[in-house]
Amino acid sequence: MLGNLKSEEQDDLWSLVSPNDKRKSLLEDFEASTEESTKELASFEVHSNYWILWGILGGITAGIGSLFVGKASTEGFHARSMISIGNLIAGIGYFSVKTAYQRLNGEGQEDDVIEIREYRTHKGLKIAIIFVDALVSIGGGFLVVLTFEYAFYAGINQGIISTLFSFTSVFLSIFGWLLFDERINSVQIIGMISMTTSAILYGFSGSGHTQSNGSAVSSILPILFGLISTIYFTGRSLALKAFCVRYQYSALDFMSISYIICGSILLIPFLTHVINYGVEMSLLKDCIIGGILQETSMIMMYYSISTGYSGPAAALSSIQAPLQTALAAIFLFQVPSPLQVSGLILAMIGSILISTSTQIMGLLNLSK
C-alpha cells in the first residue's frame, strides 16, 4: 500500500518536471548506465559449466538443421523466407512455454518499485535492440543460404564449408579478450592458425560444378560468403552477450522475440511468392524443419556464449561440421574430396584447441 502511494507520488512529481529537465535527466541516467555497463562487462565471470553442454547440443542440432537448410539452399531468398516460417513457429513456441512456466511459478513479477523514467528508457532500448537484431538476422540467414548454395555449385560438401562458421570462435576469442577481459593463450593461437589453414585448403578443393544457366562457380565464392557470415555471427554474439550481461536479460527471451519479429517480416515475401508461383510442399517442409532446428541451435549456442567464455563456447558448436558432412554425404551424395577432409580435420583440431585451451594450459602448468 505504502509502496503504491510512493510510486504515485513519484509519478506526480515527474510529471511536473519540464521537458528540457526530463531530457537532461534521461541523458544523465543513460551516461551513468553506460559507465556501469562497462564495469559489469569487464568484471564478467563464469559461475557454472552448463554453457559447455548447451554449446555441444547446439552444434548437434545445427548439424541436423543445416542439412535441411542446405538441401533447400538452391532456391535462394525464397528458401530464406520459408525457413523464417520455422523460425517464427519455434520462436512463438519457446516464448509461450517459457512465459507460461514463469506465470505458473510466480516468476517475472517485479518486487521493487522502479522509477517510471528509468523503466521507459530501458524498455525502449531493449525493444530497439531486439528489433535491430531481427532485421540483421534476415541478412545473416540469407548469407548462410548463399554459402550453402554456392558450396553446392562449387562441388564442396556443405558440411565441410560450414566449418568456416567456426571462425566465429577466432574472432570471439580476440574480442572477448579485448572487451570482456577474457584470457587468450598460446593454445588458442595455435587453434586459430589451424583453422585459417583449413580455409586455405578449401579454396583449392572445389570441383567446379556449374549452375543451371551453365556458368561455373569458383570455390572462392562459398568461402567468401562463409567468412562474411562469420563476421555477422561474431557481431551478433558480442551484442547479445553485452545486452544480456548489462540488463541481466535471458538469451532465450532475446532470441525468441527476435526470431518472431524476423519471421513475421519475411511472411510478406513468402506469401507473395505463394500467390504468384505456388509452393512445393516437400521444399516447404524441409525449410520449416530446418528453420525450427536452426533457431533451436542458435538459442543454445548464443546462450552458451552469453553465459560462458565467448571463444571456447563458440568452438564447442563446431561439432556441426563433421555431423553435417556425414549427413550430406549420405543423404545428398556430396562426397568430400581428400583435400576437403584434410581441411575439416584441421578446422576441428583448431576448434578443439580453442574450446579446451584453458584445460590444456592448466595441465601444462601442472607438469612444470
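Placed from the backbone N, Cα and C atoms, the Cβ positions cover glycine too.
TrEMBL has this to say about the protein:
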- 50-201: domain 'EamA' (DOMAIN)
- 51-70: transmembrane segment (TRANSMEM)
- 127-148: transmembrane segment (TRANSMEM)
- 160-180: transmembrane segment (TRANSMEM)
- 186-204: transmembrane segment (TRANSMEM)
- 216-234: transmembrane segment (TRANSMEM)
- 254-275: transmembrane segment (TRANSMEM)
- 287-305: transmembrane segment (TRANSMEM)
- 311-332: transmembrane segment (TRANSMEM)
- 344-364: transmembrane segment (TRANSMEM)
Long-range Cβ neighbours of the transmembrane segment (51-70) (under 8 Å; 6 or more residues past either end):
79, 83, 144-145, 148, 151-152, 158-159, 162, 286-287, 289-294, 296-301, 303-305, 307-309, 312-324, 327-328, 331-332, 355
Suppose I define contact as three or more CB-CB distances under 8 A, residues 6 or more apart in sequence; do the transmembrane segment (186-204) and the transmembrane segment (344-364) meet it?
yes
Looking at the transmembrane segment (216-234) and the transmembrane segment (127-148), are there 3+ C-beta pairs under 8 A, with each pair at least 6 apart in sequence?
yes
Hey, which bits of the same chain come close to the transmembrane segment (311-332), Cβ under 8 Å, at least six residues off its ends?
51-52, 55-56, 58-60, 62-64, 66-67, 70-71, 157-160, 162-163, 165-166, 168-170, 172-174, 176, 182, 184, 188, 191, 233, 237, 297, 301, 304-305, 344, 347-348, 351-352, 354-358
